[in-house]
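**Q** Below, the features straight out of TrEMBL:
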type     : residues : note
ACT_SITE : Thr12    : active site
ACT_SITE : Thr85    : active site
DOMAIN   : 3-186    : domain 'L-asparaginase N-terminal'
DOMAIN   : 204-319  : domain 'Asparaginase/glutaminase C-terminal'
Amino acid sequence: MKKLMLLTTGGTIASLEGENGLVPEMNADDILRHLPGFNLLCQIDSKALINIDSTNMQPEYWVEMANAVYEHYEEYDGFVITHGTDTMAYTSAALSYMLQDLEKPVVVTGSQIPISFKKTDAKRNIADAVRFACEEIGGVYVVFDGRVIQGTRAIKLRTKSYDSFESINYPYIASIYKEHVEYSKPLYLVENKKMKLDTSLCTDVSLVKLFPGIKPEFFDCLKDQCQGIVIESYGSGGIPFQGRNILEKLNELIACGIPIVITTQCLEEGEDMELYEVGRKVNQDVIIRSRNMNTEAIVPKLMWVLGKTQDPQKVKELMETPIADDITL
Ligand SMILES: NC(=O)C[C@H](N)C(=O)O
């Protein structure tokens, strides 16, 4: 019989109706009590790590989650982490960088409706997560509404629907039909890897979404505030150089040694900064290309990379290196 560890962090799945709306209050045992019969399938031990609405998620909690998996890695065959949906995609990406060469599954799941409510999707999602955590597969995954998504590729696309999550620029790993896991493509377990834990982070990063009219002066206040910047530009990726000149400001920041990653506000198909003049004008030797990574992966990746080096060229090299299938070229 497989042995799993359930780590709980809060979210809607653990929420009860309070005076001020939904508040995460249930602990790991309360959640397990809603799932009778589970111990016939596998043995599940549980541990409550935190109990927060994931809107309150902090990078320090990612470290706590990664450490918990690392600490108990040898004792269990797989891990299920229950989590709020709002920042679940950031967490699954962060864990994908912190825990590499996994030979066991780390499955992140949650729900749109609390587990104690009649129309809850929590029971199905946990059942699917447990099912997938029993697979012979390594890596970090999001399991939601019957789909398995690579940890670095998930985004929360819908605020209310059960099918809240999508896999961006990458196929679903699998679909789960009750007891049956149907893989989209054959996956091979790379055996005899030694799992690596690396939780060093530099959280001094900024994420800026461009819009027509954004003030160049805004970028001045970033100079002393951050070690790295992610710019969500438009379409195929370009920076405005006419009218309010943002390109000039980015060049100033680059001259100060601040690494800048360019991504796009378009969810699908990634940037292609070589296509237009607005992209080519950006110095491609120093700017960091995000290709088809999503923002939820870029932000924790930049924190993780900056936790290792602040040398702009090395940051560029590491950011542009695919990790956990976050980039496909
Ligand atoms: N569905 C949810 O879990 C949303 C909740 N606000 C959270 O992220 O914790």
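Using N, Cα and C of the backbone, Cβ positions are placed for all residues, glycine too.
Heads up, TrEMBL stuff is auto-annotated, nobody curated it.
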**Q** How big is the Cα-to-Cα gap, in Å, between Thr12 (active site) and Thr85 (active site)?
**A** 8
**Q** Could you please provide the mean pLDDT value for the domain 'L-asparaginase N-terminal' (3-186)?
**A** 95
**Q** How does the domain 'Asparaginase/glutaminase C-terminal' (204-319) divide up by DSSP, counting helix, then strand, then coil residues?
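**A** Secondary-structure composition of the domain 'Asparaginase/glutaminase C-terminal' (204-319): 41 helix, 18 strand, 57 coil.
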**Q** Cβ-Cβ under 8 Å from Thr85 (active site), same chain, 6 or more residues apart: which ones?
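**A** Long-range Cβ contacts: Gly11, Thr12, Ser54, Gly110, Ser111, Gln112, Phe144, Lys156, Ser164, Phe165.
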